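S.K.: Submitted below is the structure of interest, expressed as structure tokens.
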Amino acid sequence: MALHKEFAAAGKKPGLQVWRIEKMDLAPVPPELHGDFFTGDSYIVLNTTRAPSYNIHSWFGEEASQDEKGCAAIFMTQLDTHMKGAPIQFSEYQNNESLTFLGYFKSGIKYKKGGVASGFKHVVTNDANIQRLLHVKGRRIIRATEVPMTWDSFNKGDCFIIELGKLIYHWSGSECNFFERLKTTEIAIAIRDNERQGRGELKMIDEGSEPQDVIEVLGPKPDLPSGSSDSDLQTDTRNKNQASLYLISNAGGSMTSTMVADKNPFKQAMLSNSECYIVDNGGDKKIFVWKGSAANQDERNAALTTANLFIKDKNYSPTTQIQILPAGGETTLFKQFFFNWLDKEETTGPSKAYTIGSIAKVKQIPFDASKLHSDDSMAAQHGMVDDGSGKVKIWRVEGGDKVPVDPSTYGQFYGGDCYLVLYSYNSGGREKHIIYTWQGKKCTKDELAASAFLTVRLDDSMGGAATQIRVTQGQEPPHLVSVFKANPLVVHLGGTSRESGESKPGSTRLFHIRRSSTKATRAVEVVPTASSLNTNDVFVLKSPSSLFTWVGKGATPEEKVAAQYVAGLLGGAATEVEESKEPAGFWTALGGKKDYQTSVALQKAVKPPRLFGCSNKTGTLIVSSLSFCINAPKDVGCLLCVDVYVWVGSDANETEKTGSLNIAEQYLNKDPSGRRGVPIATIKLGNEPPSFTGWFHAWDPDMWGKDDAQRLQDLISK
């Protein structure tokens with residue numbers, strides 16, 4: 001089959017290319033409409049990086065015909081062959097797309113009714129008569145689906161976009177949460193700026209405040225039901241992390257599959273470079289096909305067909321995702337099923353390069369139920385690519401651009417700013433790069449958006465080969481902290497790129513110094529009040545007339561050394577003060593004595609504390625592990641440490657309050673270390689006792705001072 005003319009320029013430059021299958025042919029989709037998909041169609045999507053590397057995706061709508069699906073598969077195989085088998089291939093299905101695919105569309109994806117057979121085309125429109133209703137759903141993965149323009153499509157728990165000609169209404173149900181409102185606003189802005197070329201007018205309306213032109217189309221608003229549950233979040237998760245490995249071969253004249261191992265983790269040596277394999281992760285609706293570079297060409301070309309036959313034989317869902325991976329192009333999702341996967345430039349010992357096994361060991365491994373265990377993401381290992389002795393460059397985000405930071409201040413950040421940290425090191429004889437995008441807790445939305453854009457631009461300038469790591473203040477990985485050698489990472493209050501210029505430091509300043517379980521030391525400026533103190537840590541207090549180092553009873557020698565460095569930054573040598581032996585001038589500088597965290601439990605904890613979020617915004621109470629900070633007062637958090645706390649946010653409902661308490665009790669009852677009967681404390685937003693806030697480094701009592709509506713208005717007015 002001759003190469004299609006549309007593929008002649010495929011992969012020639014970095015970026016996204018999208019084609020729709022139209023009457024068994026290819027038609028390009030305009031860049032402004034990337035992310036819009038008709039539910040009756042099939043698509044081919046090619047993403048090219050500067051490296052270059054390639055991902056090819058076929059996307060199938062729920063109403064796409066079998067003929068179109070087959071045609072898309074043929075075109076994807078043709079494109080892969082044209083690019084000499086280098087791309088990674090993905091099969092995507094409506095409502096079941098991979099995170100890789102969804103990551104291309106920053107404002108989420110939109111499902112539109114109809115398709116080629118119905119006469120619908122991808123065109124930029126400014127039609128004054130257009131009427132469309134989009135139902136926006138999802139917290140982490142955002143999808144906007146076109147639904148009938150009737151009140152029957154609405155509910156109280158979700159957000160909708162009502163398009164009436166040039167007017168674009170963002171409608172918020174009375175039970176929707178702030179995150180859903182924020183994402184719906186982003187989609188509405190994208191419709192205005194891309195589909196309407198900036199000519200539409202965006203308006204916010206809440207349930208019950210519909211304007212007359214909306215009522216004229218929909219009629220008077222009836223009583224609406226509560227939000228429906230999100231079926232994606234209710235799927236059985238028991239087998240999501242289990243997989244089997246199969247060897248596929250056409251040696252006998254027909255394609256067959258033979259089990260190599262019935263459960264993961266697999267050994268990398270099980271893969272032969274002259275063969276093709278299937279990793280069966282059907283429990284999570286995923287199938288991976290690995291193609292050895294020396295494998296039979298017929299086997300390589302038939303990878304997609306073989307995967308589809310495998311799915312059919314196993315009676316898996318027809319929407320099971322397929323990834324086809326060339327040797328050397330393995331994705332993280334694929335590597336996770338192997339024990340200690342090593343890429344080709346990595347080594348297994350001094351000067352001994354790792355190579356893929358030349359002979360596959362096809363061995364039946366009996367299933368051993370006693371070895372199954374739960375996946376504890378909080379116990380994940382911390383990666384250190386080296387000792388932090390590489391080259392460092394740092395820029396601050398300012399006015400939508402990056403401004404170099406004085407090297408003498410490296411390691412100092414402002415909580416109201418964003419920074420780009422470029423780290424370069426040598427590995428395997430070649431230079432590699434990491435871009436850390438550091439985002440302060442009090443930075444603006446504009447700075448957040450600019451930091452993401454500038455990170456991509458910096459990566460592109462180096463050929464797209466850098467590893468990008470987004471870092472939130474307080475969650476710095478050990479490697480980033482190690483870049484600043486023996487000095488602690490210091491975070492100042494305020495910012496350097498405010499509208500009124502650089503914020504001025506207060507006359508009295510207090511820095512909280514803590515060494516974490518990963519041996520990373522941080523010094524964070526906190527509110528200068530006695531309630532900020534913690535018996536387990538060290539603090540540096542500067543007032544107009546004095547400089548103190550306060551040493552808590554549980555402080556470590558490393559924290560005391562870090563305090564000396566911070567004191568030097570503040571202007572000189574400090575007077576060391578031991579807890580319970582403070583002079584009157586110390587308390588005067590802090591505005592008087594107050595209660596603070598005096599429990600030594602932090603130092604005696606055998607296991608690190610764990611934080612879980614609890615929410616039933618989808619209709620089902622969902623519990624998920626969180627990074628060790630609370631960012632939004634929407635739901636309920638469970639802090640599980642020596643003591644157990646249930647933290648109740650301002651918008652938590654009764655189901656979340658009672659359900660999270662029951663979950664905390666179940667957690668304790670099933671703890672193998674025997675914690676049944678441990679008291680559980682329930683605390684409310686704004687009334688956290690020191691025994692709770694002490695577990696958080698530099699707890700900020702003003703974290704939720706800004707009104708949700710004001711945050712949304714800030715976004716719209718950009």
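In case you wondered, yes, glycine gets a Cβ from its N, Cα and C as well.
Take a look at what TrEMBL says about it:
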- 218-232: compositional bias 'Low complexity' (COMPBIAS)
- 24-102: domain 'Gelsolin-like' (DOMAIN)
- 142-213: domain 'Gelsolin-like' (DOMAIN)
- 261-334: domain 'Gelsolin-like' (DOMAIN)
- 401-480: domain 'Gelsolin-like' (DOMAIN)
- 521-587: domain 'Gelsolin-like' (DOMAIN)
- 217-236: region 'Disordered' (REGION)
S.K.: Which listed range (24-102, 401-480, 521-587) shows the maximal number of Cβ pairs under 8 Å with respect to the domain 'Gelsolin-like' (261-334)?
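M.R.: Ranking 24-102, 401-480, 521-587 by Cβ pairs under 8 Å to the domain 'Gelsolin-like' (261-334) puts 24-102 first.
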S.K.: Going by DSSP, how much of the domain 'Gelsolin-like' (261-334) is helix, how much is strand and how much is coil, in residues?
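M.R.: So the counts come to 25 helix, 20 strand, 29 coil.
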S.K.: Tell me, what is the mean pLDDT of the domain 'Gelsolin-like' (142-213)?
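M.R.: A mean pLDDT of 86 is what the model gives the domain 'Gelsolin-like' (142-213).
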